[in-house]
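In what follows, a structure is listed as structure tokens, so that the remarks can point back to it.
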Amino acid sequence: MATRRQPLIPGWLIPGLCAAALMITVSLAAFLALWLNAPSGAWSTIWRDSYLWHVVRFSFWQAFLSAVLSVVPAVFLARALYRRRFPGRLALLRLCAMTLILPVLVAVFGILSVYGRQGWLASLWQMLGLQWTFSPYGLQGILLAHVFFNLPMASRLLLQSLESIPGEQRQLAAQLGMRGWHFFRFVEWPWLRRQIPPVAALIFMLCFASFATVLSLGGGPQATTIELAIFQALSYDYDPARAAMLALIQMVCCLALVLLSQRLSKAIAPGMTLTQGWRDPDDRLHSRLTDALLIVLALLLLLPPLVAVVVDGVNRSLPEVLAQPILWQAVWTSLRIALAAGVLCVVLTMMLLWSSRELRQRQQLFAGQTLELSGMLILAMPGIVLATGFFLLLNNSVGLPESADGIVIFTNALMAIPYALKVLENPMRDITARYGMLCQSLGIEGWSRLKIVELRALKRPLAQALAFACVLSIGDFGVVALFGNDNFRTLPFYLYQQIGSYRSQDGAVTALILLLLCFTLFTLIEKLPGRHAKTD
């Protein structure tokens, strides 16, 4: 029998249960809204809907190609970045990390400025007397944008694997005279192949659920994904039943991909070494030339679109656009949504990790993993699917709200939780390993422990998680695409309206402001803990 001294639910378990229950309830509510709105007899017609199967096949095909084109070059780029030290290397690695949170529409705008029919390369070809035939629309444009986003991320993750190789192995290989193919096969490949499957699965999942990229560069019915078909069913055809059916298909596919990614991630093992930082630079001439070529090609992929956003944004329309009240209303809307979503995301993530940490400390590993998985399962319901469920749920009950602030904030916070989990889970475990027994012996627990230990020791990870969540929210377009209107517009939604109305110069200014806002917000939040903040 439970007593006051032994409550039925321990206090340390309540935060995680509340956060997990909230996310599971929201997901179930969205799922039920989709299920109840799906036509009862429609499932039998799916097999006869040729266009629907074309959309499903294209979604898988473009995601597969994007993963291959991102991971294969990343293997060689990661090796080049590991072996070479050059001025600006740290800046390049930071740029590789920033592409993951770069607003999609900003990158698309830069890609169009470089590779479009009137872009930089087209002008260069014309000066050389050649004809520029590449079109950034359709499958090739989608692949180009996906590689721009995911190749740097894959390179960073594979570089971490190369840095995990024990220095003793590299020294032994150098003593044995291993070079080239043999060194790659026997030393580097066993470590890379552990990381490649989960990285490829993650990129495949992100590209499969891509929305803004396909919406901007799809180019027509032949290049449409499931998420874009959901958006079209709601925004243009207003067919909630078809949108619900498509959203269920999308959710099932994403759930399978999430579980596959989690399964593959278990194969990664950390490296143990007593020789930290030792590396064989492999200074043969052809190795140096090959590495330099790979690094230059990576710079040519990443820098021109970003430079194009800055150059095109400084045009004659700049003073006129800056004087428009609509622009600053969109800036304010984006900022308040991003900050609110970021704070909510970090709070929910800490609630999950707090209870998960306590469960792991009590050797209840399965329960702790299950609690953490509840935060990752939100990836099975991409933003457009979650927003569709909310749309149908509200439309069939109390009606759509005049202001979509609450829905957008809540949805963006949920979508950022997996990223915040990845940032905070290892620091939380380190804090437990260092101070867990001390806190237990001193009787420090609950709010007191949070204030005295976690909030002080986790200043930098908390700031980084908040920065990621805020910038991911400020650049989001998938959720706002459903609820945005003339009275509720964020900067990405305003940029999409400008691009759609062929106001390219105005759009260039907005893209520049959005880019500067993201980098400024990310930098300021990261510096909140101060230069001398400690994490131990």
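Cβ atoms here come from the backbone N, Cα and C positions, even for glycine.
Features as listed in Swiss-Prot:
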type: TRANSMEM; residues: 16-36; note: transmembrane segment
type: DOMAIN; residues: 56-261; note: domain 'ABC transmembrane type-1 1'
type: TRANSMEM; residues: 58-78; note: transmembrane segment
type: TRANSMEM; residues: 95-115; note: transmembrane segment
type: TRANSMEM; residues: 134-154; note: transmembrane segment
type: TRANSMEM; residues: 199-219; note: transmembrane segment
type: TRANSMEM; residues: 240-260; note: transmembrane segment
type: TRANSMEM; residues: 291-311; note: transmembrane segment
type: DOMAIN; residues: 331-525; note: domain 'ABC transmembrane type-1 2'
type: TRANSMEM; residues: 334-354; note: transmembrane segment
type: TRANSMEM; residues: 373-393; note: transmembrane segment
type: TRANSMEM; residues: 404-424; note: transmembrane segment
type: TRANSMEM; residues: 463-483; note: transmembrane segment
type: TRANSMEM; residues: 506-526; note: transmembrane segment
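Tertiary proximity for the transmembrane segment (240-260) is limited to same-chain residues at least six positions away from its ends with a CB under 8 Å from its CB atoms, namely 31, 33-35, 37-39, 42-43, 46, 52, 56, 59, 201, 204-205, 208-209, 226-227, 229-230, 233-234, 376-377, 379-382, 384-385, 388-389, 391-392, 395. Note on the transmembrane segment (373-393): residues 19-20, 23-24, 26-27, 29-31, 33-34, 37, 205, 209, 211, 227, 230-231, 234, 240, 243-244, 247, 250-251, 254-255, 257-258, 262, 348-349, 352, 400, 407, 411-412, 414-415, 417-418, 421, 476, 478-479, 481-483 of its chain, located 6 or more positions outside it, place their CB under 8 angstroms from a CB of the stretch.
Of the two recorded stretches, the transmembrane segment (334-354) does not lie close to the transmembrane segment (291-311), with fewer than three CB pairs under 8 Å once pairs fewer than 6 apart in sequence are set aside. Using a Cβ-Cβ cut-off under 8 Å and counting only residues 6 or more beyond its ends in the same chain, the transmembrane segment (463-483) has close neighbours at 101-106, 211-212, 215, 227, 231, 234-235, 334-335, 337-339, 341-343, 345-346, 349, 382-384, 386-388, 391, 400, 404, 407-409, 411-413, 415-416, 419-420, 423-424, 489-493, 496, 514, 517-518, 521-522, 525-529. Listed as Cβ neighbours of the transmembrane segment (95-115) (distance under 8 Å, sequence separation of 6 or more from its ends, same chain) are residues 121, 134, 136, 141, 144-145, 148-149, 152-153, 155-156, 212-213, 216-217, 302, 304-309, 311-312, 468, 471-472, 474-475, 477, 491-492, 495-496, 499, 507-508, 511, 514-515, 518-519, 522. Note: the stretches the transmembrane segment (506-526) and the transmembrane segment (291-311) are in contact (3+ CB pairs below 8 A, sequence gap of 6 or more). Within the chain carrying the transmembrane segment (58-78), a Cβ under 8 angstroms from the stretch's Cβ atoms is held by residues 139, 142-143, 146-147, 150-151, 153-156, 158-159, 161-162, 192, 196, 199-201, 203-205, 207-208, 210, 214, 222-226, 253, 294-295, 298, all 6 or more beyond its ends. Through the fold, the transmembrane segment (291-311) approaches residues 73, 76-77, 79-81, 83-84, 86, 92, 95-96, 99, 106-107, 109-111, 113-114, 119-120, 147-148, 151-152, 155, 508, 511-512, 515 of its own chain, all at least 6 residues removed from its boundaries and within a Cβ separation under 8 Å. If you look at the transmembrane segment (404-424), the same-chain residues 6 or more away from its ends with a CB under 8 A from one of its CBs are 23, 26, 333, 336-338, 340-342, 344-346, 348-350, 352-353, 372, 375-376, 378-379, 382-383, 386-387, 390, 394, 458, 461-462, 464-465, 468-469, 472-473, 476, 479-480, 483-484, 488, 490.
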